[in-house]
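*Asks:* Sharing the feature lines straight out of Swiss-Prot:
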- 1-57: signal peptide (SIGNAL)
- CYS80-CYS145: disulfide bond (DISULFID)
- CYS86-CYS118: disulfide bond (DISULFID)
- CYS93-CYS178: disulfide bond (DISULFID)
- CYS95-CYS143: disulfide bond (DISULFID)
- CYS103-CYS134: disulfide bond (DISULFID)
- TRP114: tryptophylquinone (MOD_RES)
- CYS135-CYS166: disulfide bond (DISULFID)
Amino acid sequence: MLGNFRFDDMVEKLSRRVAGRTSRRGAIGRLGTVLAGAALVPLLPVDRRGRVSRANAAGPAEGVDPRAKWQPQDNDIQACDYWRHCSIDGNICDCSGGSLTNCPPGTKLATASWVASCYNPTDGQSYLIAYRDCCGYNVSGRCPCLNTEGELPVYRPEFANDIIWCFGAEDDAMTYHCTISPIVGKAS
C-alpha cells in the first residue's frame, strides 16, 4: 500500500509539472501531428529489390546463377517451360485455340499487361514479354502454368502476375480465359 502511495505522488507531481509547462493546444497539436504522420507511413513507396538476396539466403551459393533452376526450352510452345512463359501465371492460349500472340476466337484482349524479361536459349538473348489476358469465357483449364521467374509483389503491379488483368477488356468481358505472351522487343 505504501508503494502505491509513492507512485501516485510521483505521477501526480510529474503530470502537474507537465501541465504547468505546456499548453493543451500545443500538446494536442503535437499528438495530432504524430498520429497523422504514423497513419501516412504505409503510403510511402517501397522498393525491396535490394532485399531479394537476403530473402533467398538458403538459395544458390555465391557465383552460381540464381536462375539456374529455370531451364527454358524452345520446342514445345504449349509447355510451361517454353522460354516465353518464364513469368506466366494462368493458362496458355495456344492450348485453347489461340496462339502466342492472338486470343482464341470469341475472347477479348485485355488492354493492360504485365511484363517480364525471358531468356531465349536458341539465340542466347533476353526478350521483353508483355503478357496479356484474354477474357470473356470461363477459364479453359488447359495448359495451366505458374511460373514466377522475375515476378515482383503486387505493390509493383507491372511486374506482378497474380492480378487478373481483364478489367480493361472490351464489352465488360471480365472473366479470365487464358494468357498470350507476345514479344515487345529485346531486353538490354
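Every residue gets a Cβ built from N, Cα and C, even glycine.
Since this is a predicted model, take the numbers as computed values, not measurements.
In terms of burial and nearby residues, how do these features look in this structure?
*Replies:* In the three-state DSSP reading, CYS145 (disulfide bond) counts as strand.
Note on CYS118 (disulfide bond): other Cβ atoms within 10 Å of its Cβ, all shown chains, come to 26.
DSSP assigns CYS178 (disulfide bond) to a strand segment in the three-state reduction. All protein chains included, CYS178 (disulfide bond) registers 27 other Cβ atoms within 10 Å of its own Cβ.
Taking Cβ-Cβ distances under 8 Å and a sequence gap of 6 or more within the same chain, the neighbours of CYS95 (disulfide bond) are GLN78, SER140, ARG142, CYS143, CYS178.
Its own atom aside, the Cβ of CYS103 (disulfide bond) has 25 Cβ atoms within 10 angstroms in the protein chains shown.
In three-state terms derived from DSSP, TRP114 (tryptophylquinone) belongs to an extended strand segment.
Non-local neighbourhood of CYS166 (disulfide bond): ALA110, ASP133, CYS135, ALA173, MET174, THR175, TYR176, each in the same chain, at least six residues away, with C-beta under 8 Å from its C-beta.
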*Asks:* Using a 10 Å cut-off on CB atoms, tell me which of the disulfide-bonded residues CYS80, CYS93, CYS134, CYS135, CYS143 is the least crowded.
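*Replies:* Output over disulfide-bonded residues CYS80, CYS93, CYS134, CYS135, CYS143: least Cβ neighbours within 10 Å is CYS80.
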*Asks:* For CYS118 (disulfide bond), which of the disulfide-bonded residues CYS80, CYS93, CYS103 has the nearest Cα in space?
*Replies:* CYS80
*Asks:* In the structure shown, which of the disulfide-bonded residues CYS86, CYS145 has the fewest Cβ neighbours within 10 Å?
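*Replies:* Counting other Cβ atoms within 10 Å of each of the disulfide-bonded residues CYS86, CYS145 gives the minimum at CYS145.
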*Asks:* Could you check which of these recorded positions, CYS80, CYS103, TRP114, CYS134, CYS145, sit within 10 Å of CYS93 (disulfide bond), going Cα to Cα?
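*Replies:* So the list is CYS103, CYS134.
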